[in-house]
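Just below is one structure, and these are the notes that go with it.
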């Protein structure tokens, strides 16, 4: 322990046995960073001096009303489709692990079908459902609908994206469930905890650690897949941009507006995912991983020191 | 089967002190016969140690007692009731999982690898089953859980996560977790086999304390000193049968069967 010293940025430090510890210089890292920064500067210079990017137009439409409404619809589609996808995913994953072979096969067939066809084709199918079933008849309830009235573009979009996502989510959830040690189920069973509670309180929370990273991926993927529903004339971000540039011919600036918004939302989602992972990591590691701010702080340290730990666990571990 | 069953039920009703009655238990995995007709009785308050080489079927036999393993042939009685089945006349009707769970609440089990729930704190681990499976009030359960943690000497670890504890501490939590269900029978499946040697003692001490309270215990173990000191009876199993059983001191110090002698010579 005597040579592990802590210090604040910029100060030299002495270990308890009297030596001053100086970190290695790493000239190669400085050169590589310099070259890359120069390249970035070149690209930025080109981007901001080329008038055809139309930055004033980008700025004008970035906060335009129809862009804002398009963003809201994109977010709505993403959230609703992911919620449907996750709910379906959990149900299908549990079905896949059922002892009943018919239930198992049904879930497998669902996944096979929805994974086997492109989501764009599925969206067009749902949109044109009225051609297949002009009236939707819920016989048991005695209800009957006109398919053309019920299947609005938005509804077709939600159905298409949600049902398709369910197939992918089921595989992710299944992987998560399988990752939990069978001893956990045994212990819960030996304590008399029934199947439902075992799944909800013992298995799923532990499976979440495996489920969340790919689900974050899927959510970000979904955000961008929603742009597909522009073919159904649902006025989400991309379609809103298309409507405007069809009128003004500012194609590139409006595509930039749409891209910028996708990047903004993706950034927010990534941050959310990080903290969600941190939450479900409790109990799985002795110390929680550092937050981004903590990481930045450690980038600037001059002297080596122990990895960051919250003060509480620090005390516990050094007991 | 009915001929044997009725007296057992009658006995249970009349308050017999027989906790476990294994009647000709058979179990096989595919063509591998693991249990080849095991008969065993355990009285309430008795401490029985199952010993024997690995693969002798002792863990499987233990797991039949709370239906973690199903029995292929023979009947397992615990506390006067058939394990895993409902007896109706001459029929044994398989119980639903919910029914199995209900009867398991009376039987505590401690595993070789502890199997604590890693995403819950020590206290949450102990409180989970009584609140969820027995639907007891949280305040009542918490008080009992803390008392049990005190007993196993881990009261100050209540808010820790299992991974922050040593193996011995984890196993003591697992024992407290099982005891919080207020079981009438405790099963131990090699509770010290996964522990570093210096941690074995603390777990055995908790088990000894428990044995002195009069708890009925069936312990699969390789700890001959524990068996000699605490067990009322030691059962030596090999190749899916009971080779020899008897009072602890007698069987361990003075085995009659050559296979028992051979086994004891190799572990002592």
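Don't overthink the numbers, they just go from 1 along the chain as shown.
A Cβ is built for glycine as well, from the same backbone N, Cα and C atoms used for every other residue.
A TrEMBL annotation is a machine prediction, not a hand-curated record.
Looking at A:147-164, A:165-182, A:183-200, the stretch flagged in TrEMBL as transmembrane segment turns out to be A:147-164. Feature transmembrane segment, per TrEMBL, maps to range A:252-276 of the set A:227-251, A:252-276. TrEMBL lists transmembrane segment at one of the ranges A:30-48, A:49-67, namely A:30-48. Of the ranges A:30-48, A:68-95, A:147-164, A:252-276, the one with the most Cβ pairs under 8 Å to the transmembrane segment (A:107-127) is A:147-164. Listed as Cβ neighbours of the transmembrane segment (A:68-95) (distance under 8 Å, sequence separation of 6 or more from its ends, same chain) are residues 103-104, 106-107, 110-111, 154, 157-158, 161-174, 176-177, 199, 204, 215, 218-219, 222-223, 226-227, 229, 234-241, 261, 265.
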